[in-house]
Amino acid sequence: MSSSDVTNFFFLFQNLAPTLPIMQPSHLVTSLENLLSEKVDQMMEWSSRRSVVRMNGDKFRRFVKAPPRNYSVIVMFTALQPQRQCSVCRQANEEYQVLANSWRYSSAFSNKLFFTVVDYDEGADVFQQLNMNSAPTFMHFPAKGKPKRADTFDLQRIGFASEQLAKWIADRTDVQIRVFRPPNYSGTIALALLVSLVGGLLYLRRNNLEFIYNKTGWAMAALCVVFAMTSGQMWNHIRGPPYAHKNPQNGQVSYIHGSSQAQFVAESHIILLLNAAITMGMVLLNEAATSKGDVGKRRIICLVGLGLVVFFFSFLLSIFRSKYHGYPYR
Amino acid sequence: MKQPGWQSLLSFSILFLACLAGFSSRLFAVIRFESIIHEFDPWFNYRSTHHLTTNGFYEFLNWFDERAWYPLGRIVGGTVYPGLMVTAGLIHYVLNLLHITVHIRDVCVFLAPVFSGLTAISTFLLTRELWNQGAGLLAACFIAIVPGYISRSVAGSFDNEGIAIFALQFTYYLWVKSVKTGSVFWTIGCCLSYFYMVSAWGGYVFIINLIPLHVFVLLLMQRYSRRVYIAYSTFYIVGLVLSMQIPFVGFQPIRTSEHMAAAGVFALLQAYAFLQYLKDRLTRQEFQTLFFLGVSLAAGMVFLTVIYLTYTGLYVRLLTCYAKIHIPIIASVSEHQPTTWVSFFFDLHILVCTFPAGLWFCIKNINDERVFVALYAISAVYFAGVMVRLMLTLTPVVCMLSAVAFSSVFEHYMGDDTKREKPPEKAEEGLGPNIKSIVTMLMLMLLMMFAVHCTWVTSNAYSSPSVVLASYNHDGTRNILDDFREAYYWLRQNTDEHARVMSWWDYGYQIAGMANRTTLVDNNTWNNSHIALVGKAMSSNESAAYQIMRSLDVDYVLIIFGGVIGYSGDDINKFLWMVRIAEGEHPKDIRESDYFTPQGEFRVDKAGSPTLLNCLMYKMSYYRFGEMQVRRGALTPPGFDRTRNAEIGNKDIKFKHLEEAFTSEHWLVRIYKVKKLDNREPLDHKLRSVVPKQKYTSKKVPLMLGGEFALQVWRDSFRFS
């Protein structure tokens, strides 16, 4: 959600506020049913404009906390202002929007469940009132009674994926939401771009297609796959480790993970380079012996190759040893 | 080219020594402990081999095992790859025929080391076809000692992989041979070897995809020849028919998506050959028209197939890797994790850095069979990256390609310039003996480090039977913890023959194999809901668990508890998986979040969640543990759990429906007996007070006491009876 979008919406919201009938003192006499239906209508109107209703302190107390209610409310307490620098909030917000949209445009959409958000910069008093000191937090306010312990979503353990949120909501309110993610076209576009690039290249070079038969190119490609796999890029892809670890106490950056069960991205890149260097050393050794040329030059190539193999293998071994305590000879 | 006699003698002795080294480096466990079957799956294999040797082959194929998965049972004959059992049974039979009487257990224990020798030979043959004799010998030496292969083939690890790698390498050798010669003889040999592989391991899918891939790439590279046509056509048809003879495989080769690539390539090859044939017969113009027609038709067909596959979701299953499946029972197995670089280095050491060089040489000097080894390397390295377990299929190709790299270096640097036949007049002859000997020395040193690493890894990481544990004191003396077998023998000796033992699925095969008792779930995790039911029983409170155990006719419950000796693989550490699996099937009754503290921690001490502190698994693990002072300095309080470094939170544990039956010496295994129902249900409501009419009152009770007192006496007697 862009910032201009937010201000725009907020502006609209403030214009609306004075026209609300229930805010007039003369209407306080209206019966409870009337009040309830007014509230539901108001919530429905807001929801139809935007799947997640933005709340400030007053709105929150009136529509979420105050008793005559027959609808459940899911509230996300968050801090989305850029100066708060809460990157988790933004990710959580995206997931929350996906979920709210899935509910808003599903066939089961009804006035039994509303999605709302309270930003810290708009409703700091709500945070104080609820004794809340971390954002984002997801809470469910049931139609009847007070929120229990399980009505606070366990973000630490489950994470904030929409599917998990939907499961939690189904658990708390018996409303099943089928999460519908807007399809992600970036992968397809990247693939199409790649294919067209390769196709274009082939077309440009159509007079000279010899390079397809270039063994060096194919060998390079094969080695790239091999190096990527043996340095654990697949592990990185599946587990998503951090790039490196920065010690918060003294600011030291460590690139090598201390345990043998895990690795950092930077570490896997270092290993990739080391493996490549050793392989290159072996190739150079072979090259020096087979090529036909000046003996002095070949000697240098040979020594460089040998140096690459021996030096980088020792380096690799020492990294391995730092991860495997007590290696070897116990 | 005829070899001189001394050369073949040398090759033979090197090969023989490689086999011997491979065999003997796998014997650490036998020497340290005894000749015993390891781990979990091998116990099942051993039990079925035993069944095979006692009851015969046909009885084995029709075996319905009523002792597993109570009350469902398991059709063993139709759900195993029988190759391993049949091989061991056959060896046992032949040995007994020769009056060498060995127990079937010893055959099973030593089967994998023997087959590792055969693997070394087949790797030698394959590498010799790909490169040359020297590389072959080096490859045989590498595969004999490389930890990536030893991890699955130490003595006592009686598992499918032990014989399957031999079958894999031998099949590939025969395939390369048949592509090279184009002779049906070699191809039929390849099919038979493939048949053996299918009968031995599910990994045969790798072969039936790699060989078609090879043929396909050869077609793309315009390396089509009659030899390829003969080899593949024969292999596909005969191999298909043979593979369908295995009961467990059955009609899968013509039904499932894993085998479709082979069929597609077969069709493509026929079409290609047909086009080649037409090319000779038709004019150029006719041929072009026909060709375009055919290509557009084929493209349309492929397009429709892809649409269909995508629609039915098969395509997705083909492309997604297994590691991404989020079913807890698959995620809970540590072998199904992706691989870090450390695992690669740990299992392959220097080979992982040098085999890309071998791959480079192969691609630079490409020919038909080197295309094969390049594809083998790339596909295997991808699969090994996705799943730790598939390191096993990568290891042989890494050995071969590293051998290629090392042998080409040695070839150029070891030879002596002066003794060459060719005259050394050319200027670019030599690098000089100094450089040559330095390079040779350093390379040999690297290989020596490799050998040391292999021995260290084999001895320290891969030679533990995990049925018998060993701990070392400060002075280096060894304590053997034989609790598992102690407990299983207790079960065997002291319980009814048809007693049903409930435990977590990890121990199912061992209970069946060692204790010979009926189990509810075991390591063949085919029925998730049954496992979830056991998980639910373990994670519920005692009365709820008793309901489940009654409905499953459980007589004994067996758990593993490591808190006394600090054994980390015990059931409390696995407990969250039980909860997760149970939650997957019974989300209303079991919630994972109930087992955590509000801060989201899993703790067993006083701060732990009350649900955890009162669930059956916790109570069974820590029953009477609160009174126990674990020896570890004087300061630890009673009930201090050494595995989790915490004083347990619930020390006052009492059972209503269970009683402790057995606890092993170091408390590693605890067995509880499930009590039968009481004779009469105790009434939880107040007894109806009836004032009896006088004419029914017994004469023995004085009349004036009557009514209330009689009732009181009756109640008391009931309570104390």
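For all residues, glycine too, the Cβ spot is worked out from N, Cα and C.
No curator has checked TrEMBL annotations; they are predicted automatically.
For B:10-401, the entry in TrEMBL reads domain 'Oligosaccharyl transferase STT3 N-terminal'.
The annotation domain 'STT3/PglB/AglB core' is assigned in TrEMBL to B:501-557.
Cβ atoms under 8 Å from those of the transmembrane segment (B:75-95) belong to residues 45, 48-49, 51-53, 57, 60-65, 101-102, 104, 107-108, 111, 158-160, 162-164, 167, 196-202, 246-248, 524, 526 of the same chain, restricted to positions at least 6 beyond its ends. The transmembrane segment annotation in TrEMBL covers B:75-95 (among others).
Listed by sequence, the residues of this chain that lie at least six past the ends of the transmembrane segment (B:107-127) yet keep a Cβ under 8 A from its Cβ atoms are 15, 18-20, 22-23, 26-27, 30, 35-37, 42, 45-46, 49, 84, 87-88, 91-92, 95, 135-141, 143-144, 149-150, 152-159, 162-163, 165-166, 169-170, 172-173, 176, 396, 399-400, 403-404. The transmembrane segment annotation in TrEMBL covers B:107-127 (among others).
Sequence annotations record features per position, and here TrEMBL assigns transmembrane segment to B:133-151 (among others).
The transmembrane segment annotation in TrEMBL covers B:201-221 (among others).
Beyond the transmembrane segment (B:228-248), the same-chain residues lying 6 or more positions past its ends with a Cβ under 8 Å from any Cβ of the stretch are 61, 77-82, 175, 178-179, 182-184, 186-188, 190-192, 194-195, 198-199, 204, 208, 211-212, 215, 218, 254, 262-263, 265-266, 269-270, 273, 368. Positions annotated as transmembrane segment by TrEMBL: B:228-248 (among others).
Feature annotation from TrEMBL assigns transmembrane segment to B:260-278 (among others).
As annotated by TrEMBL, transmembrane segment applies to B:290-311 (among others).
Long-range contacts of the transmembrane segment (B:341-363) within its own chain (CB-CB distance under 8 A, at least 6 residues past either end) are made by residues 130-131, 142, 146-148, 151, 370, 373-374, 377, 384, 388, 391, 395, 397-406, 408, 446-447, 449-450, 453-454, 457, 461. Marked as transmembrane segment by TrEMBL: B:341-363 (among others).
Among the features that TrEMBL reports, transmembrane segment is placed at B:370-388 (among others). For the transmembrane segment (B:370-388), the list of distant contacts is 130, 172, 175-176, 179, 206, 209-210, 213-214, 217-218, 221, 223, 321-323, 334-339, 343-344, 355, 359, 362-363, 394, 397-398, 400-401: same-chain residues at least six beyond its ends, Cβ to Cβ under 8 Å.
According to TrEMBL, the feature transmembrane segment maps to B:435-458 (among others).
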- Query: Taking a Cβ cut-off under 8 Å, which residues six or more beyond the ends of the transmembrane segment (B:435-458) line up next to it in the same chain?
  - Reply: 25-26, 28, 145-147, 150, 154, 346-347, 349-351, 406, 409-410, 413-414
- Against which stretches of its own chain does the transmembrane segment (B:133-151) lie, if we need a Cβ under 8 Å and a gap of at least six residues from its ends? 11, 14-15, 18-19, 21-22, 25-26, 116-117, 119-121, 123-127, 165, 346-349, 351, 391-392, 394-396, 398-400, 402-404, 406-408, 410-411, 451, 453-455, 457-458, 461-462
- For the domain 'STT3/PglB/AglB core' (B:501-557), mean pLDDT (0 to 100): 88
- Message: With helix taken as DSSP H, G or I, strand as E or B and everything else coil, how many residues of the domain 'STT3/PglB/AglB core' (B:501-557) land in each class?
- Response: 33 helix, 7 strand, 17 coil
